Every structure is written in C-alpha cells, then in structure tokens.
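What TrEMBL records for B:Asp80, B:Asp82, B:Asp84 is Mg(2+) binding site. According to TrEMBL, the feature Zn(2+) binding site maps to B:Cys81, B:Cys97, B:Cys104. Per TrEMBL, the feature domain 'Phosphoribosyl-AMP cyclohydrolase' maps to B:33-105.
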Number of protein chains: 2
Amino acid sequence: MPLDPKVADRLKRDAQGLVPAVVQQYDTGEVLMMAWMDDEALHRTLTTGRATYWSRSRRDYWVKGETSGNVQFVRHAALDCDGDTILLKVDQTGGACHTGDRTCFDADVLEVSR
Amino acid sequence: MPLDPKVADRLKRDAQGLVPAVVQQYDTGEVLMMAWMDDEALHRTLTTGRATYWSRSRRDYWVKGETSGNVQFVRHAALDCDGDTILLKVDQTGGACHTGDRTCFDADVLEVSR
C-alpha cells in the first residue's frame, strides 16, 4: 500500500521527488538532524513509527539506527504550511549523528554579529 | 565583502547553490520554519544578526519580517556535520508563518502508527 493519497496530494516534492525532514527530539526540543524522504519513506515512517529516509548517496531506503542501533521512535509528524517540509518529533536512542555526537549541529558553530 | 571563505569552504550547496536553513525559537525549542540560503544570504544573516533568506519563488533576498514586522533576531547559527544544512536559533517576533500561525508546522499534523 502506498502513502495515503490525502497526504500525497499535499506533499510538494523537489525535482528528485524528495522532501526535507527536520528531526527533533520530542522532549528536549534539540534539532537532531535533517534528512530526505520520498513518498515511500514517509509512508514507512508513518506506518511503522520508525524514522525511515531516502539516502541520496546510496540511493536506497535507510531505517535510522538499522546499523548503529541509534533508532528514532516517531512521536509526532507534521507538514509545513507549503507541504514542502516534514517535521518529525522522535525519541532518539543514543547519538543522532554518524560522528557519535548527540546532534548533527553540535560541532560547527558559526559566529554571529549582533 | 562576501561570506567568510572559511565558512564558504565548508558549505555544501545544492544544484541551485542553496542550503536549507532550519529555524528554531532559541528558548522554547519550537521549530518555526524552513527556508533557503545562498552564500550571500548566510553572509547577511551572520553579519547583521537578522535572518535573511533566498526566496526561490521571487528570486530575491528576503529579510524575515521586513514586510510583516515578524523579525528574527539570530542568537546562534551552526552547520551540520556534512555542511549541507544550517540551524538558526532565533528570537521570533510574532508568528513565524505567513498564515499567522506561530510556526509553519502547527496546521498539518500527520497520523503516526506505533
């Protein structure tokens, strides 16, 4: 069974058929990572409760934590006002980043003038 | 003056020269919106402390809140581990969404089986 047509109708995909997914820890609010989904990845995510993405480099589906054990249990999912971004609130086991960091945004802080 | 070359060297842009920016309210952790930046938009954001994006539809720079008054004061900026996503933590005046909602992810919740 494919993605619910009512959801598929609202989804705005890029030229590669993908939509960015912002992934946030549901209780602390930390933004953990950003990844990409096609219709099938979103379908699997919504129906299994396990965050599943499309790997643009490997050209394959990827259940987060399948190899690392650092799985993401999905607590909440939403589309934005334009239907072109997904927000997942998850419960992240261990580090979200492949570097071992808790989030993918921990290591490279940029200086802001204000 | 363009974007700091040390930052520009780490940035991985898409085919249109753009990088997605995830925008989060700095104190509550709410994910407010997602928008796009090129090098110049990131440069303006980091040097002015006001979130500035590239509008793909209008093909122009866009200082958030310039027309609506709902500005974003940037408190923190980071690149992710791959340099292909930006995270901004901002102080958002009023609603972040053009619909008037506080965030762009408030209106369209998706059902998750688990």
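From the backbone N, Cα and C atoms, a Cβ is placed for every residue, glycine too.
Here the features listed in TrEMBL are painted onto the structure.
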| residue | record | DSSP class |
| --- | --- | --- |
| B:Asp80 | Mg(2+) binding site | coil |
| B:Cys97 | Zn(2+) binding site | coil |
| B:Cys104 | Zn(2+) binding site | coil |
List, in sequence order, the same-chain residues at least six positions removed whose CB sits under 8 Å from that of B:Cys104 (Zn(2+) binding site)?
B:Leu32, B:Met33, B:Met34, B:Ala96, B:Cys97
Using a 10 Å radius around each Cβ and counting other Cβ atoms from all shown chains, which of the binding-site residues B:Asp80, B:Asp84 yields the largest count?
B:Asp80
Provide the number of Cβ atoms within 10 Å of the Cβ of B:Asp82 (Mg(2+) binding site), excluding the reference atom itself.
15
10 Å Cβ neighbour count around B:Cys97 (Zn(2+) binding site)?
20
